[in-house]
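In TrEMBL this protein carries:
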type     : residues             : note
ACT_SITE : Asp32                : active site, nucleophile
ACT_SITE : Asp34                : active site, proton donor
BINDING  : Asp32, Asp34, Asp203 : Mg(2+) binding site
BINDING  : Asp43, Asp123        : substrate binding site
Amino acid sequence: MRRCCQGVGLPCLFKGVGMATPRPPRYLLVFDFDETIVDENSDDSVVRAAPGQALPEQLQQSHHEGSYNEYMQRVLAFLGDQGVRVGDFKAVYENIPLSPGMPELFQFLSKNHELFEIILISDANMFGIEAKLRAAGVHSLFRKIFSNPSSFDKRGYLTLGPYHSHKCLDCPANMCKRKILTEYLAERAQEEVEFERVFYVGDGANDFCPSVTLTSADVAFPRKGYPMHRMTQEMEKKQPGAFQATVVPWESATEVARYLQELLKKKC
């Protein structure tokens, strides 16, 4: 069972007490990236850097279920062959639009940054995510970003690798977000930081996997009408009560901000 970060269960921040070290954040907020922070799948967005903004049909048909990371390696190699370089990729990523309400949510989190530890877990790539977050002025809000490693080789090609290996049968071979989140919580607990609640904002099937591990104290924010939302609804129909976290679907991220704001009002 998670305890309040101070281990004493007090709901509000201490005031007027001289403390040797800053109080750890009370809540962990986990974000997905594609179709959550940004309103597109960034892997699809990079095609805009290709000649004619399209991929050869043979390359498109080479994608197989569960091996999307390998498919994207081939896409990036093709783009490299076409002369697409760092500046081209950077421009594409920086111009991907944020999802509705996301600027307002980030503004709220910036004002309340001492209460939230924020991490990002994404099956996209590190270069693209960091380029977008920096362009949006929110990179510093994130304590840690977990994504597939990417870098530019000697030829100037953007290369991509898998994040890790795992044994989860429900996730693609290169990444299980449940494994990442579970290990992160264990690591923070070892550092004597345990969260009162975990909030998870996502949209995809690979976001459903970690959200199943959330407790009744936690909140899952699935994007309305996307796979994560549908899967939580299906689980509730088949096994009522099996999905323990409170489910708060959203169309605009302002709904997430409002929920968190109301929670803070109740707490203090």
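Cβ coordinates come from backbone N, Cα and C, glycine included.
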Here the Cα-Cα span from Asp203 (Mg(2+) binding site) to Asp34 (active site, proton donor), rounded to a whole number of angstrom, reaches 8
Within 8 Å of the Cβ centroid of Asp32, Asp34, Asp203, the other same-chain residues by Cβ around the recorded Mg(2+) site are Phe33, Glu35, Thr36, Ile37, Ser122, Gly202, Gly204, Asp207, Arg223, Tyr226
Asp123 (substrate binding site) and Asp34 (active site, proton donor), compared by Cα position, are separated in whole Å by 8
Same-chain residues at least 6 apart in sequence with Cβ under 8 Å of the Cβ of Asp34 (active site, proton donor), in sequence order, are Glu40, Asn41, Ser42, Asp43, Ser122, Asp123, Ala124, Asp203, Gly204
Smallest number of other CB atoms within 10 Å: among the recorded positions Asp32, Asp43, Asp123, Asp203, that is Asp43
